[in-house]
Each structure stands twice: as C-alpha cells, then as structure tokens.
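Visitor: The structure follows.
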Amino acid sequence: MAKPTVVLLPVWGAGHFMPMIEAGKRLLRGSGGALSVTVLLMPAPTPDAAVDIAAQVKREEASGADDISFRHLPAVDMPTGHTGVEEWISRILRSHAPNVRAAIAGLDCPVAALVTDIFCTPALEVSRELGVPGYVYFPCSASMLALLLRSPGLDEEVAVEFEEMDGAIRIPGLPPVPPSALPSTMLDRKKSTYDWFVATGRGYMNATGFIVNTAAELEQSVIDAIADGRCTRGVPAPTVYPIGPVLYFPPPPEEQPHECVRWLDAQPPASVLFLCFGSKGLLPPPKVREIAAALGRSGGHRFLWVLRGPPKDSRHGQRVPTDAMLDELLPEGFLERTKGRGLVWPTRAPQKEILAHAAVGGFVTHCGWNSILESLWFGVPVLPWPLDAEQHFNAFTLVAHLGVAVPLGMDRRRDNFVEAAELERAVRSLMDDASEEGRKARAKAAETRVVCRKAVEEGGSSSTAFRRLTDDIVRRGAVQIR
C-alpha cells in the first residue's frame, strides 16, 4: 500500500514557497519513512516568479528525494476588483479550490493532512469537506498570528478606525500595541482588504493546527496566550507548533564568492551596515536621496546597500524590481565620495551570505519575517524600516518585544518616509560602540542567535514541536479519498 501523504499548498514568493518546502522535508525526515509529501503547484502570476519556482522545483527533483513529488494545478483567471495584494492572492486561491479538491481526490494514496499557506483559508474548507486534517503553515511570527486571531474580536469591540483610538491596542502576550504599528490591511475598515483580514482570522479557527515559523523562546508569552484562548475570547484555538526558524540555505556556489562577499572580506568585523529591502522592496527617489544623505554623514560608518530600480510592471503581484541605474538614482558624486567605505549593489544580492559575514554589524530591513529570522539566526541587530503589509507590526515586535532593534522614526502617512537626520541618528545609535541603545540591541541579537540554533537542535524546542506535529499527524490516521 502507498504511504500516506501530506499535501502542501504553498504560494509563490521568497518568504512563502521554500520555507514550506523545507518544513515538508523536515516532516519527511521526522516521520521515519511513514509519510510522503505531495506539493500542489499553482501557476505563478508573473514570469519572474514562475522562473524562480521552476528552478526551485528542479533543484528539489534533482536531489533524488523519493518521497516528495510535485503536481501542477491548472491555471485560473486572475481576479479583479480587489483593494490589496493579500486579498488578491486569497481570491486566486479561492478560484483554485476546485482544482485542489480534484488533485487530492486524484491521488492514489491515503491523505494524512493538507498544509496550506497563510492566505489559503479556502483550502481549509476543502480539507473539511474531504475529512482531512487541515493545517496552516504560518510563515510569519506568532505575534502576527495572535493579531489575526484577535481581529474578529477587535472588529466588534472598536467602533472607530483604529488610528482614531485613544490609547493602545491590547494583544494578549504582547506589550500594548500603538495603532500606528498595525498592518496596513487594518488601517481602513471600509476597504475589502480589511474584511479579508478579519475573515481570515475567523477562518483560522477551522484549522487543525498552526505550523509557525518561530521558536518558542522568542515568543513564548504570545504562544501561551493563543493556547489559553486569550486571543479568541475564551474559545480554544487550534494547536500551535512553533517549529522555526525554518530557513532555506541554497547549495554554496561552485564559482568564486559573490562580489559583495569579497568586498566584505576586506572590512573590519561588525563594521558594515547592510541595507536591503526585500525581493520587492522599492524605494522612490526621495527616499533614496535621504538614505544617501544619511550614509554620507553618518560618522564614516561602512555600508553595503542593495538598491533596486523601479519595476517594469506595477500591477498587483507584479512589482518586481529591476536592476538599478545607479547614476540616475543616486545624488551626483555620491559613489565617489563614499568610495572605499561603501558599496551600492544594483541587483539581487545573497542576503544570507551577507548577514552571515563577520563584517556585518547592523541590518536596515523592510521587516519581512523571513529577513527578520535570518538576522536573528546570524545575530545581527536591526534598524527596522517597514514598507507594507504586516511589516510595521513586525518592526514593533522587534523593538518592544524582542529587543533586537533600535527604533527608527518615520512618517507612515508620507509613505513611510524617513528624514536623513533621523536615519543618521539611528545608524549612529546602532553602530557606535559608545551607544547604550545599540549595545543593548547587539547583546540581545547575540542572545537570539544562540536561542535560534539551540531550538532546532535535536531535543530543542522547535525540534520537539516538530516531533509532536509529526506524531499528531500519524496518530490521526490517513483518509483514502475517492
């Protein structure tokens, strides 16, 4: 008889696809050969995303893993009439629900579980219809999960726009949250994206469990609050399995090290500020000018700045940066004035290799959770510059909850604008040896490096949670779908 399979339904995107695949591979290893993994592939919405996914699938298939297979779902029409990318992705997934149902029904082996992405609540309805346990793979923080679960209650309890509230918002397990730190999806309750957010939090209660890319030691108070029902008004929430950090480390290149890494090799330890705003992080010219001004007068601190150009197509889901034309984007003479202590890189850069380098002493990040986990894994303190989605909430937790960041003042109403003087102050605070604020962030980042690595070791908290997840899936049994 064929092995029971765990079906994965990932979405495209750097912080979504490979972490879920890595979690699936760990599930295989943890099952001791009792399970297989089937990955359902939705067509990516952009050519660049399709190329990335195809390359990653090819790598996995070439690795020779017998118990992991990939199945392509047919294309669906792209939705229209949405107010945000999160809602857009979720509507794509709702269109795929019949395809997911048909693909699972067509498997020739029993199905032990369906694991969906954060956006895939429609797939939880499919799992319930088929009688299969449905898990949400949550590639964000447990704090963000707590906010989502709390959102239906907040929607009923708060009568005004959250930004008009007096005082802070209470999320069990977290310090008081200022309304300015809420995700962009919560800031306009008249938009359908807000309705999507609240409906997602409500729909999550139909899950069997949450597989969260975090370590218990990083967010224990939040995980406890979810488990106690404090985020869901006393109703027991699905089980949380904190199994992170789950990070994808590609095979090392056979050729010589990347040019950015070679440049770092020539810099003193912990002397370089690394600036990178994610795979879709785009900075308009006014922000570029402020960063250049701050770096030009930030006390001579070294820097490595990944600066991308504007996208060719800015429709939802297609904001893919291009290679930057540095002479057009940067102030005249900037490269010459900073030559020797700074490198501006105009295309993709190997972020993990850079964060792992001993020369890097600080990280200006857009606060995507995957980038945060990488900085925690390598013990690099942070200057948070959130741009969109849940990133402002992540920035808040980095400063107020985890303590690994120096706060950066910004004007969210001006598209998250940061004045050069404020960025210069924050850079000095993070990087100067004499800064008490920076010293605390550096010390806390060094602690989290140890915590993250111990968590995934044999017997660590994340390793134990993964074993518990595997045992629970096997114990529940598998269903032969007809």
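Quick reminder: no glycine exception, Cβ is built from N, Cα and C everywhere.
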Visitor: Can you tell which of Ser271, Ser279, Ser435, Ser461 Swiss-Prot lists as binding UDP with Trp345, Ala349, His366, Asn370, Ser371, Glu374?
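Guide: According to Swiss-Prot, the candidate sharing the UDP site with Trp345, Ala349, His366, Asn370, Ser371, Glu374 is Ser279.
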Visitor: Any idea what the Cα distance is from Ala349 (UDP binding site) over to Asp117 (active site, charge relay), rounded to a whole Å?
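Guide: It is 26 Å, counting Cα to Cα.
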Visitor: Between Ser371 (UDP binding site) and His16 (active site, proton acceptor), find the distance joining the two CA atoms and give it rounded to the nearest Å.
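Guide: Rounded to the nearest whole number, the Cα-Cα distance is 12 Å.
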Visitor: Write down the Cα-Cα distance for His16 (active site, proton acceptor) and Glu374 (UDP binding site), rounded and given in Å.
Guide: 14
Visitor: Applying a 10 Å Cβ distance cut-off over all chains shown, what neighbour count does Glu374 (UDP binding site) have?
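Guide: Here the count is 22.
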Visitor: Sorry to bug you, but what's the C-alpha spacing from His16 (active site, proton acceptor) to Trp345 (UDP binding site), rounded to the closest Å?
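Guide: Just about 25 Å between their Cα atoms.
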Visitor: Tell me, how many other CB atoms lie within 10 A of the CB of Ala349 (UDP binding site), whichever protein chain they belong to?
Guide: 19
Visitor: Identify, in sequence order, the residues in the chain of Asp117 (active site, charge relay) that are 6 or more apart from it along the sequence and have a CB within less than 8 Å of its CB; answer 'none' if there are none.
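Guide: Listed in sequence order, they are Leu9, Pro10, Val11, His16, Met20, Leu93, Val136, Tyr137, Pro139.
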